[in-house]
Amino acid sequence: NSSDLSPSFILASIPGPEAAHFWMAIFLCSMYIVAVTGNCAVLFIVKTEPSLHTPMYFFLCMLAAIDLALSTSTVPRVLSFYWFNTREISFSACLVQMFLIHTLSAIESTVLLAMAVDRYVAICHPLRHAAILTSAVTAKIGLVAMARGVLFFLPLPLLLLPLPFCSSRVLSHSFCLHQDVMNLACANTTPSMVYGLTAILLVMGLDAVLICLSYILILKAVLRLASWKERLKAFSTCIAHICVVLAFYVPLIGLSVVHRFGKDLAPLVHIIMGNVYILVPAVLNPIIYGVRTKEIQRRILNLIHIYND
């Protein structure tokens, strides 16, 4: 029946025998545990270390919370169908999951832009940094990021809600994404497609442009410093943020390219790109900042020492 009011969808799984599904689930579960452990550690360390109560680490905590929410909204459901073969997901649950994925991604993009502005102010206007980025301003930026994500991406599931869906209900990914669900509709999806593309360009696209602009200004300021040693020291404070930006935007761009130009690609490519998009930033972000930040390293070593004692 192509006109069910409450259709259900079939989540995609990797092709192959059940043994392959089991080991894929083990791999995803391991990455999820690393992501949860790393991001919870970041939240705990920043909360308990007064010297880290600065805008940069508050933004890092926002990233950690977003990554926890994003991975938790998808990975447990993926593991359940790999281990228990529960591949079917209801229409309402799919729309909720879609809303969470796109909204949390938009919030993360906004926080990454705020972190780029923080680096710009810290390097280009160091004497005014404390006055410009106060704790109150940082909290307001977090609220604006949440409101921006919700307002831009709440219409996506609402635009899909009245559409009829065809007999084919098999998705391309292990979770629900807007374009993936939209492609299964048996109706004109132009308004939904146009709005989805517009929202992504106005949020992720605009944020990427502004982040690049921030780093152009940072680079100009760094190059005006007297010695190469000072230049390297100043720019090294941005390395962790640049790596985190790449960890977010590269999978996002890759997933968008696969959606729009990879219709003839093997299903495994779509599934892998989707899992990379969900899990890689959540796994890498705490590792990157743990490696690049001496304060976090020292706190982790202290915790390990206390635990061993």
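Glycine is treated like the rest: Cβ placed from N, Cα and C.
Note: TrEMBL annotation is automatic and uncurated.
According to TrEMBL, the feature domain 'G-protein coupled receptors family 1 profile' maps to 38-289. For 20-45, 57-83, 89-117, 129-154, 193-218, 239-262, 268-291, the entry in TrEMBL reads transmembrane segment.
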The transmembrane segment (268-291) versus listed stretches 57-83, 89-117, 129-154: most Cβ pairs under 8 Å: 57-83
Leading contact stretch, 57-83, 89-117, 193-218 vs the transmembrane segment (239-262) - CB distance under 8 Å: 89-117
Long-range Cβ neighbours of the transmembrane segment (193-218) (under 8 Å; 6 or more residues past either end): 102, 105-106, 109-110, 112-113, 116-117, 119-120, 123-124, 148-149, 152-153, 155-156, 159, 178-179, 182, 235, 238, 242, 245, 249, 252, 256
Mean per-residue pLDDT computed across the domain 'G-protein coupled receptors family 1 profile' (38-289): 91
